[in-house]
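> The structure that follows is given in the form of structure tokens.
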């Protein structure tokens, strides 16, 4: 520092000493009247724009040796001063750097310490986490074991429950079977008791009837004996009267004639006996039959006239009132057999189309109900398959589902067949209706043509009405209705008037 002060003092002295001649010289240059221009002190070069500081002026003329030495010394002093300043700055910068390095080391040490502390904390935390994870894994293993044990327990409980339920169901079925068997036995016993009571009552009635019949037979036997006695008396009386009459009337008749008469009498008795047995119909007394005055015996819709017709038929020998054997001349056994055959044929007659349609609709309804039940079972099985915990149960349910799908397909085929058959019946019914309509149209056209040709609508008798076919009456009524509708449509309100 002392050297720096000495150099600074010497530099200031030299600068003062150098400054004085320059001032004197400058004054000389300024005050001298010369033809040359003064060279600018701040431009080292004339052809360039470079400028210099006023502390370092440029001289246009060469300096003297002393001045050059002074300028060199001055420059050296400036350099020394600059170097001193740089050294001082360097020392200060070194000091600041040492301070900064110390501070940086402190900061680094603190950061390293913090990192080590954080690492230690992280390691501790990681150790705690690993210990917690191990404890959690142990707990999970224990819970899994407990869960497996609980599953096994639930399976065993379900198996036991199913076995108990199956036993209960089997016992219930056996009990129901026993109950039904006992009930059937009791019903049979009741039926047997009822039949026994019926038989006892029937037996009592039969015994009563037998007693009544025996009494009647006894009475009839007595009556028959009386009649036989009376007949014998009458026969003897008749014989005596005949003999008396023959003796009186023809005393000279030969014996052969008497024999013939005697032979011819027994068949007459037989014919008189068989007369009532061979009656073909009821013979009524004409005096008991009434007569309605003013009524004809022709067929009519009036009830009184029909009564008169019946009375007329009963008075005459009408085959309508005779026995079937008389009319048909067929034995009774054959007639019964023919009636049985007719009844069988009538019983075998096919059912009507309406009954078939009703039966088909009922069958279709039942099939559709069964198909709906199967679809519901299908949905339930699908839910059970989704919720099934084990693979075995899932396989069993899938097998059941496949079987159910097969049954559903078969049921759908049955439904389609029934619907096809129903559609065929509907088509046949429509075709029949079309044919009937065509036939009715033809008959109506024929009737129109016949009515247009004749122009007279005659009234049909009862015999002609009976000769008509079964559908003719309906067709005629339909045609009459159509004609009335056409007449009503053809009439207008203006054409109608009332005559008073």
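Glycine residues also receive a Cβ, built from the backbone N, Cα and C atoms like all the rest.
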> Annotation phosphoserine in Swiss-Prot: match it to one of 53, 298, please.
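Going through 53, 298 one by one, Swiss-Prot annotates 53 as phosphoserine.
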> Given the candidates 15, 55, 163, specify the residue that Swiss-Prot annotates with phosphoserine.
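Of the listed residues, Swiss-Prot records phosphoserine for 55.
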> What is the total of other Cβ atoms whose distance to the Cβ of residue 55 (phosphoserine) is within 10 Å?
6
> List every residue in the same chain as residue 53 (phosphoserine), at least 6 positions away in sequence, whose Cβ is under 8 Å from its Cβ.
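Spatial neighbours, sequence-distant, of residue 53 (phosphoserine): 42.
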> Just to be sure I understand, if DSSP states are collapsed into helix, strand and coil, how many residues of the region 'Disordered' (43-62) fall in each?
0 helix, 0 strand, 20 coil
> Would you mind splitting the compositional bias 'Basic and acidic residues' (434-450) into helix, strand and coil residue counts from DSSP?
17 helix, 0 strand, 0 coil
